[in-house]
Amino acid sequence: MLERTLRVLEYNKVKEQLLEHTASSLGRDKVKNLVPSTDFEEIVEMQDTTDEAAKVIRLKGSAPLGGITDIRSNVKRAKIGSMLSPNELLDIANTMYGSRNMKRFIEDMVDNGVELPILETHVAQIVSLYDLEKKITNCIGDGGEVVDSASDKLRGIRTQIRTAESRIREKLENMTRSSNSQKMLSDSIVTIRNERYVIPVKQEYRGVYGGIVHDQSASGQTLFIEPQVIVELNNALQEARVKEKQEIERILLMLTEEVAVEADIVLSNVEVVANLDFIFAKAFYAKRIKATKPIVNNERYMDLRQARHPLIDPEVIVPNNIMLGKDFTTIVITGPNTGGKTVTLKTVGICVLMAQSGLHIPVMDESEICVFKNIFADIGDEQSIEQSLSTFSSHMVNIVDILEKADFESLVLFDELGAGTDPQEGAALAISILDEVCNRGARVVATTHYPELKAYGYNREQVINASVEFDVNTLSPTYKLLIGVPGRSNAFEISKRLGLSDRVIDQARNHISTDTNKIENMIAKLEESQKNAERDWNEAEALRKQSEKLHRELQRQIIEFNEERDERLLKAQKEGEEKVEAAKKEAEGIIQELRQLRKAQLANVKDHELIEAKSRLEGAAPELVKKQKVNVKNTAPKQQLRAGDEVKVLTFGQKGQLLEKVSDTEWSVQIGILKMKVKESNMEYINTPKQTEKKAVATVKGRDYHVSLELDLRGERFENAMARVEKYLDDAQLASYPRVSIIHGKGTGALRQGVQDYLKKHRGVKTFRYGDMGEGGLGVTVVELK
């Protein structure tokens, strides 16, 4: 990506915000080196990885990345034989613990059923070095000191040191407390100079204690003397301290060598936790800006739903739907300055850069974005003063560079294209520049305030006009993007609300051509139609969501009903079996008594009569089958099934009608208001509804056959619309019409594309085209019939 593009789209500001969510310098280095990728597979994997980290945050709130530091230089020094300090070794131990803890954290979530395949692969690379970690922490305390327990020898040496220090202090304190010494000492304290214990003696008594003078006060009146009686003890103390230092160095060298042996593993672990820190920083940032994972496609179109700029407060900014690349490859946003056009432009650019960097973007779920090899942006004139160039010249230098490099894999963003020069020439240049980049197949978003470009949006198939809505009542932009509606200046309305007289405004209107007035009125009507369509869509969307909610609730109730029914049936069966078993036992007892009576000759009963009696008892008991859930046949119904057949769905015990076969073993079935997939093994054939006999219909050719010259499909569902188009074209041919119009509206373009795809295949169609400005523009297709 060009450095200028990253700068004008404020990519580095996004990275600055991302830095705030890293846990270590390792993660910060990753963020600082972050640049957008152009590799499709890599971008998809990065998005999936960020999504997994976001799932962890949703479930756990955080990730255990504390205590991790950049130990790479220390490990490399250990590898070449340098001795590491206690704090450096402690950092290594803490980082090894942090990596081990992170590995355990992710693996525990996976063991509990959370699907994290990518993060699981990452932590699988972490090798536990628990033994080395414990060796270091057993030798070095939290404060970075080598502890007594590091070795038996060190413990013994430090015992000697403490004993020597105690004896020295005892002798010196006795001296300072002596009444004879009070007049000779400047102060009754024991202090240290040059790592040896001394007492402060007045200058005139320097010869009383003998020993060694180590220091004197600033005035020279006090000498810090090591008395002769403790010189040997101080010497012994110093020798012990030397031994302590040697033992500490031996321990540190031993630990350093242990680190050197595992250096490659330690460095590998560090790289993994650096990546994990970076990954979770992206996930935390996504949570901060309320971003979601986009669907990444490789088909050069984007569909950003409720897109917001990440650097603007989400509570303040107005989200917009932005589509580019399917029905049109270029959006020309027209309208007055300070209307929010540039924010929309930057939103598109920064969302693409973020997505290609593996960052989630501030849009609604199911938004799609594509991968661009190059992103070019001509926004602002921040360099014009430095380069002593005019606004127009600075823009043109950049545009020339863009035209040299832009191709079908490029996204091009123009802000106020053609500005800074004569309006007529600027508009002409803008049109030529747009034609050039459009012809190369690039995806383009351009802003302009030139009215000439409004007509440009109507005259090019792959270009669509757009504007940012302006509220005349509040005299301020709403920042809502209106796709398909060109912008207008609103100068007359604003002037009127600000108090300008109607007479002056009417005179001003007379200075504008009739065509211009017609265009402005047409734009105003388009704006109103757009608002109405959007309102209708919102109402339909609300009804759809309500319907889906009711559908889910009904399905839930059906499942609960079946579960409760099965549970009650199972309970009843169990109770019945218990009663039958009790009856059998009672019968066995009776038979046994009869046998005993016969043996005692108290009854004359034959064996076959006993067996027959028991058989009658068992036959009287109903055969019960334990049932935990509804059993269905494993074989398909014997009757060959066809669409339209009535069947019984065994799971629900309900009748339904077959709609279509969706696989070798499954059908789509309509059960009341529900439509669901059902396996053939779970249904029972009932009957095939009788077909009503189709009667021949006489047709009349000519003007007496009443067929409208227009077919209005607005508001129709796609399947119904296609069926109406087929019938309408047949009727129009029967009526011998040479030309008809199909009104499909602009909308998302799906219906328009479906109509035109059908027309291409229809044998009765000679040619077709979009409507002219007076015929409905892109919202109408005019069809010439053979």
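Think of each number as a place in line: the chain as shown, counted from 1.
Placement of Cβ uses the backbone N, Cα and C atoms for every residue, glycine included.
The shown structure was predicted, so the numbers you read here are calculated from the model rather than taken from an experiment.
For GLY335, PRO336, ASN337, THR338, GLY339, GLY340, LYS341, THR342, the entry in Swiss-Prot reads ATP binding site, with the evidence type sequence analysis. The Cβ of GLY335 (ATP binding site) has 28 other Cβ atoms within 10 Å, all protein chains considered.
Annotation source Swiss-Prot lists domain 'Smr' at 711-786.
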- Task: Return one of helix, strand or coil for GLY340 (ATP binding site), based on DSSP.
- Result: coil
- Run through the domain 'Smr' (711-786) and tell me, per DSSP, how many residues are helix, strand and coil. 32 helix, 19 strand, 25 coil
- Item | Proximal but sequence-remote residues of the same chain as GLY340 (ATP binding site) (Cβ under 8 Å, at least 6 apart) | VAL318, VAL468, PRO477, TYR479
- Over the domain 'Smr' (711-786), what is the model's mean pLDDT? 84
- Query: Pick from LYS341, THR342: which of these binding-site residues has the biggest number of other Cβ atoms within 10 Å of its Cβ?
  - Reply: LYS341
